[in-house]
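Annotated features, as they stand in TrEMBL:
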- 4-78: domain 'Aminopeptidase N-like N-terminal' (DOMAIN)
- 186, 190, 212: Zn(2+) binding site (BINDING)
- 187: active site, proton acceptor (ACT_SITE)
- 278: site 'Transition state stabilizer' (SITE)
- 421-728: domain 'ERAP1-like C-terminal' (DOMAIN)
């Protein structure tokens, strides 16, 4: 029996496709909803059902009519309905009935119990924090097997992707819990607490960031409230701030609060639901809460929520409330009005980089843009009003403000002593990067080697992330960034190692980094520094992996550390992989620790022969293998080190009827990214092109070109590709391909130059 499911997602502009309405966030109304449906299903909406009756249609079939209570005043995009045959678990918290609905199987197995446990706690936490009480009598959270968005905060009826609410009780690891806690807190941040978006709606979609940015900020507070072992500042910086700093620096990137005309005129609303809205909004909220103090920030939010309940607000209304709270006290003084400070962050795109000269104590600001691009050097005199938290020689200093393009801070002039150092933006008080002068960088590098813990963990992360970003954009030389990695043997934080490895061994470049000049030097340099942290974690993997259940970052980043160690040929890593892989071969019930499963499968096959490969292929083709297993194995099978195995893999992919059709192209791309696989895969594509074209068309050629491009260094190689593409493509596409190839070659030449610089530096520093 196949069951059906209907669920709505009306944000931003789909309510009009369900019922006729003025579908604008500012036009609020009350809604009376009635749903007529098959009797074996249940209907849910924003409000509780007040009547369920039966009715016959003209053919005499029986239908159920469910009528819901009149809703509160709300925007059209928040109306919602679900028709399903799910079960639920329930509990009441402060008179609010909370129900979590999911497939019957999942409810029976207890998969949604964890979500039920934390929902009430987060609700109460946010109500108390913001001094509001939830106006609806019930809240339904529904776990949908297949849902476009991650989750949707319909008032009283929240919908989630199944995986966002499911926690398997036998699963020891906090990472799943943390993910659920974060997603649930975000949506509840809309619901009860912040009421951002529901109780108080933006006047129009251009202030969406108010909604999502504040909810994203509260999601982290709520999540760490229910899972106190999570370290909030590290996770926030790593998940929210760092990714958006990497994105928010192109000239075209929009600002947080675009003008209405600009949005109406130019692009679809859906593009507003992006990381600028969520992550930058949350980062700026974090910064605001930092320089106001959380106490004042929450006080202002309480008064704002009181005044704008059930109506519409824009960001200026929020600034007004914060200003009122500020003016009523005298501990905290700002250099300008809240509106003026915050407009500099929300109405301009991008963010600043601060440049220090510590001999004179001068700090200047400019927009952080890629200096290597000709077009980004156009004079751009944006300024931000920037809060600077800082420390000198390990002790925290009073907050400073930079409110013009450059300013002298006599307190920041350093002395001759190399023990005199300065650190800015401590623990990320502001949304910007810092470019220190050589003098201070030398001192910081020395400090890291002698006493890394003198710099807080989040600041070590920022320091490394900043220098690599500054290198990439032409503000600094790569050598400067490398100096800061010498201390790493004493670094025990995985999230910091991760940012180093992302920069030195990016995933998509592993195969090109196996270059005879760089690879042996990099291997020697990094392995020496990686051994302490590798040994620490390898011990747990061997003896007691469950002991890592509260180590959030081990669950996110241990894989990258192990993969890099194996990639660099660390013997213990290779042995461990084949040990665990063989354990699995001997006993299918054995579970390889999921923290490093991908790596173990890959290197178990790489170190092994056809016996190991065949085992993985058999497991892949078993009907009871989970989707996750299949994904891991499909990739691991391309790790084989013998070329005939790779060739056979491609052949299987082409001829095997078991594989779903899109797997072939995935297999080709996996093999192509490997150092020994890229020639094999290329030959395979050219030999089988007629068949491949029939199945995958030009899509595949495009993907192949992207991957293969990494290996193109000479004109001869370009010509070889060009000949093939000319023979297979239409005229108009040939031109695009030629340009792409030229660009790739240019990129690769730049990378070559960079690699040679790195190699020279490593050569000089290999004995340190």
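Cβ coordinates are placed from backbone N, Cα and C, and glycine is handled just like the others.
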Averaged pLDDT score, the domain 'Aminopeptidase N-like N-terminal' (4-78): 90
Residues in the domain 'Aminopeptidase N-like N-terminal' (4-78) grouped by DSSP into helix, strand and remaining coil: 6 helix, 27 strand, 42 coil
Other C-beta atoms that fall within 10 angstroms of the C-beta of residue 278 (site 'Transition state stabilizer'): 21
